[in-house]
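Annotated features in Swiss-Prot:
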type	residues	note
ACT_SITE	C2	active site, nucleophile
ACT_SITE	K611	active site, for Fru-6P isomerization activity
DOMAIN	2-222	domain 'Glutamine amidotransferase type-2'
DOMAIN	289-428	domain 'SIS 1'
DOMAIN	461-606	domain 'SIS 2'
REGION	70-89	region 'Disordered'
Amino acid sequence: MCGIIGYSGPRPAAEVLLKGLERLEYRGYDSAGIAVVTDKAYIESVKKSGKLNVLKTCLERRTTPIVGSTGIGHTRWATHGEPSDRNAHPHMDTEQSLAIVHNGIIENSDVLKRELLASGKSFTSETDTEVVAHLLSDAFKKTQDLVQAFVEVTQRLEGAFAVVAIHKDQPNTIVAAKNNSPLLLGFGQGENFLASDIAAFAEYTQRVANIDQERIVALSGDSVYITDFAGHPVDYEVHTVSWHPASVDSSGWSSFMLKEIFEEPQAVENTLKGRTEDGTVILPECDHIRDDLLAIDRVVLVGCGTAAYAAMTASYSIEAWAGLPVSVELSHEFRYREPVLNSKTLAVFISQSGETMDSLMAVRYARQAGVKTISVCNVMDSSIPKESHAVIYTKAGPEVAVASTKSFVCQIVVLYLLALYLGQLRGFRSIFPRQKAVCELNRLPVKLKQVLEIYESVRQLAHWMSDSRSILFLGRHAGYPIALEAALKLKELAYIHAEGFAAGELKHGPIALIEPGQPVFVIVPSPVGSPILHAKVISNIREIKSRGARIIAIAAEGDSAVLPHTDSVLRIPLTRYSFEPLLSIVPLQIFALELAADKGFDVDRPRNLAKSVTVE
């Protein structure tokens, strides 16, 4: 991991590569580098650990610029070896005739490395990538063709990978191999691109082709050639995407994350658009599996991190509105515990990027078990949608900040829609309550805008609490996963201890953490929507308040019962009980962002995190 860019064409390659790497920064990284085949037919490579600016400064200080029109670039997120200059990509062979960049993990790299060491090869890094560089170099010496070298080497590699290479003896050519790691082509006028993300080349073209699994690609400025791993030519399809570089511009905002939080009302509106009519839900994406959905008797929701919490949040609504039992699984645990699955199981996979490797592997596992699969993703034409029976896209737009915000709320909205759709198909409950739910669902964009009006109050609260070393979050019912997500956001951004608990679990252990001054956020259900749960949560608040905790409540407008027992109250508009979690998370997202910003941290690119986790 984490970001790849390749370019061949008339432009100065180094400039194109650096711009591409800038667009890939949001994916998270710890080092960066480029390699270019120069006009004098040798490869020049520069790589540095740290931020991209370190690499730029190094290039600016050179007495002679790197001149060449074909090259590759990489931002690295360490998986093998510490973040350092020597472990940064690109990596080269011993003769400095070949350079490669690589995303993924070569699972048998230790075995291959021992073979290479025994043959006299030496290594300058700790990475699995350098192993591939030596293998390709040896294969090229035999074949004198980089595509054929890849055909030979890919037979020996185990794991998920995207490897991209240049060779001084084929100066205008880039060759790449893809196996379960994101890689796509961009087609320009007399120039072509390779990248792990369209953001890397969207400034130049929106004509793209997705590369299938187990493919080798050779490109120059005026040609593209694709084979399978056996070297047999294969066809590909070019299409135009609607994606503008301005969508990843944070001008006028202090951070992408803040911009994206304020985009949530529009993102939810876009996600709902065209999917409801006269109180019913319309999901044409699922029409072709309608009969299968009528036959299901249970639902499994699968995701990682924030996506898993979106699944947990919506699971209550699926059970209530569709009358189906629901379980929520972590993608990386799902296929290793022999889950009981059959043809009457519906598995729904949630992933912002559509490339989360754990979730992709889980999709394949489910399909092999005869399960019908639906994916909920934000990135069009990504791997998980292509391998699912159906996909319902969130329409959040590009999300640049590593910590997910608008995608999270849109994932929940899509799952609400799916819950109502399944209820319609099954004739579960009467039409009237369902129509009321759809009507209130369509009011959420306006109510999200109202929540954003308390931004300044939340910012001041974060400043007041910036010295906190531990913060707890409590919720009940669908407020519980919101507590988990709020704690995750604080850990991701502010690097402090935070935990989310089901409020009813307090007396079973967590109450031991409460001491005078301990900050505790409590997500309070509305007394209108659920008076019983509201009373229970007020009881929980009183328990911890009596032990000296500092209570901050997220509560609906008009709820006066919280006032005597809390230190602060952040108000959300009154809405249907099922939808309260969607509004409750917004001030908690803002709080995490502002607390981290107050500490001086980069809220868009938190340490050690990647936007798209494409390795297991």
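Including glycine, each Cβ sits where the backbone N, Cα and C put it.
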Please spell out the DSSP helix, strand and coil residue counts for the domain 'SIS 1' (289-428).
65 helix, 28 strand, 47 coil
Please report how many Å separate the Cα atom of C2 (active site, nucleophile) from that of K611 (active site, for Fru-6P isomerization activity), as a whole number.
9
Per-residue pLDDT averaged over the domain 'Glutamine amidotransferase type-2' (2-222), given as an integer:
93
For the region 'Disordered' (70-89), how many residues does DSSP put in helix, in strand and in coil?
0 helix, 7 strand, 13 coil
Three-state composition of the domain 'SIS 2' (461-606), taking helix and strand from DSSP:
70 helix, 29 strand, 47 coil
What count of other C-beta atoms do you get within 10 angstroms of the C-beta of the residue listed as 'active site, for Fru-6P isomerization activity', across all chains shown?
27
CB contacts for the residue listed as 'active site, nucleophile' [other CB atoms within 10 A, all chains]:
27
